[in-house]
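Comments concern the structure below.
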Amino acid sequence: MRAAVIVFPGSNCDRDMAVALREATGAGVSMVWHKDTALPEGLDLVALPGGFSFGDHLRCGAIAGKSPIMRAVTEFAGKGGHVLGVCNGFQILTETGLLPGALLRNGRLKFLCKSSPLRVGTSASAFTNAWNAGDIASIPIAHHDGAYVADEDTLAALKGEDRIAFTYEGGAPNGAMGDIAGILSRNRRVLGMMPHPERAVDPAHGGSDGRRLFRSLFHALATA
Ligand SMILES: NC(=O)CC[C@H](N)C(=O)O
């Protein structure tokens, strides 16, 4: 399996993502600078990591969404490539239109940094196949703009097409509509999620529930 992690100025979870991918899937991981215009050949996955790209200026992910590499990422996704966006990565995916909706300021206007119980909405994706729908996973959140919003038609489509990958169990701490924590694209190959699975891959992290997401990717994408 071959993966690339895109690095923006202000990314702070890029190396954690690379370590999680290497350790939990055995993937070869390339770090790709946002000013690059092409991705390495033969990739199975592109990961957009969490952080504070461009200092969250304008809106979280807005400037990163216009980075030169995002054209190549959009092309990769257009050809059916798998893309994982975590936290700031999810914000970048909505800014580029690879996923619908937007992430707004948390309901109580506070930065939230804590472990968060999630309910798995579907096992039918490369990112979630190691869970059963309805399973509970504890994965940390760390964001100030995590309130997912979308119009009613989009919310109905996400629900009707089984594209809600994760919801916050017991209610969204950030005010997200439908308690949505993560969603899939229509072809199910792009996942955006606010919680950080790469921060929960080793018991030393305080929990390893996030490892299942990487094991899912391994099952779905590792060929050798
Ligand atoms: N951990 C992150 O990726 C944070 C994303 C963004 N800077 C926010 O605070 O909402």
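Note: Cβ is positioned from N, Cα and C throughout, glycine not excepted.
Please treat TrEMBL annotations as automatic predictions, because they have not gone through curation.
Since the structure is predicted, the reported quantities are computational estimates derived from the model, not experimental observations.
Record features (TrEMBL):
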ACT_SITE  C87  active site, nucleophile
ACT_SITE  H196  active site
ACT_SITE  E198  active site
H196 (active site): tally of other CB atoms within 10 A of its CB:
25
Translate the DSSP assignment of H196 (active site) into the three-state scheme.
coil
